[in-house]
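S.K.: Have a look at this one.
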Amino acid sequence: MKLKKHLGQHLLVASGVLDRITQLIDPKDGDILVEIGPGTGNLTKKILTYPFKALHLLEIDPDMIRSLKENIKDPRVVIHEADAVGFDFCSLGENLKVFGNLPYNVASLIVENTVFYHRCIPQAIYMLQKEVAEKIQKGPSWLSTFVRTFYKVEYLMSIPSRFFYPKPKVQSGLIRLTRKEDAPKVDLKDYKNFLTRLYSMRRKAIKHKLPEEVLLELSIDPMCRVESLDPEKLLLIYNIQQKVRGDKR
Ligand code: SAH
């Protein structure tokens with residue numbers, strides 16, 4: 001099959017690495033699994049050797065869909081021709097284990113979408129561009145803060161480009177998101193807007209971005225930058241700001 005660069009089609013072809021990733025995904029009896037971008041099904045076939053209840057495949061490319069339908073005849077598998085960006089995960093169940101070797105051009109958007117549906121996704125294991133994976137785990141970025149408000153993020157391992165076909169220009173990294181027990185209940189769109197606003201021109205002092213009364217209430221140094229504030233603090237700021245806004249109405 002001819003692989004499509006614009007869809008980020010770099011197939012993971014090293015059997016040993018696929019085995020290791022499958023162990024980390026750790027499919028179990030009763031699990032409802034979701035794979036993003038199964039491609040030709042290299043990882044999928046490894047997963048099929050484990051017990052689980054259902055496996056939903058989300059793939060955007062009709063050519064890949066056709067080959068998956070020909071090659072995978074397991075009654076537990078449901079194939080969806082779908083865009084993982086914006087996909088409504090909660091339509092598949094309430095307790096999903098999501099994973100995938102993500103298409104790198106839209107990997108950040110898929111991670112963002114995972115957060116929007118975190119209510120139904122207690123765990124996700126994603127392979128993405130190494131730099132992006134590291135930045136999601138450590139920050140600073142609005143997306144890292146957004147993810148870490150709801151999930152514990154672990155960097156599991158790096159995967160050199162030689163294990164892929166065709167070989168990508170960048171190294172890859174595997175991360176695991178584990179939903180926090182006390183994931184806060186906030187309006188996700190509004191919270192995202194709050195974070196992107198604070199992180200735009202992130203070197204600017206925080207006093208230019210937040211009302212003085214919020215800074216005073218939390219004793220935040222008005223000269224500090226957003227990147228020095230951890231996700232817990234930013235959530236606190238968000239909640240106080242909501243309250244201040246509410247009081248003014
Ligand atoms: N998991 C396979 C293929 C990874 S390549 C492997 O490891 O070998 C990324 C896959 O994601 C490709 O099959 C590509 O067609 C698919 N893809 C690209 N954009 C997508 C999107 N927005 N939604 C779902 N799948 C997408």
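A Cβ is built for glycine as well, from the same backbone N, Cα and C atoms used for every other residue.
This is the feature table in TrEMBL:
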- His10, Leu12, Gly37, Glu59, Asp83, Asn101: S-adenosyl-L-methionine binding site (BINDING)
- 17-181: domain 'Ribosomal RNA adenine methylase transferase N-terminal' (DOMAIN)
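I'd like to know what surrounds each of these features in this structure.
M.R.: In the three-state DSSP scheme, Leu12 (S-adenosyl-L-methionine binding site) falls into the strand class. Every protein chain shown contributes to the tally, and the Cβ of Leu12 (S-adenosyl-L-methionine binding site) ends up with 18 other Cβ atoms within 10 Å.
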S.K.: Around Gly37 (S-adenosyl-L-methionine binding site), which residues of its chain at least 6 apart sit with Cβ under 8 Å of its Cβ?
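M.R.: Once residues fewer than 6 apart are set aside, Gly37 (S-adenosyl-L-methionine binding site) is near Gly8, Leu58, Glu59, Ile60, Ala84, Gly100, Asn101, Leu102, Pro103.
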S.K.: Under a three-state reduction of DSSP output, how is Asp83 (S-adenosyl-L-methionine binding site) classified: helix, strand, or coil?
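M.R.: Assignment for Asp83 (S-adenosyl-L-methionine binding site) reads coil.
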S.K.: Taking every residue in the domain 'Ribosomal RNA adenine methylase transferase N-terminal' (17-181), what is their average pLDDT?
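M.R.: A mean pLDDT of 98 is what the predicted model shows over the domain 'Ribosomal RNA adenine methylase transferase N-terminal' (17-181).
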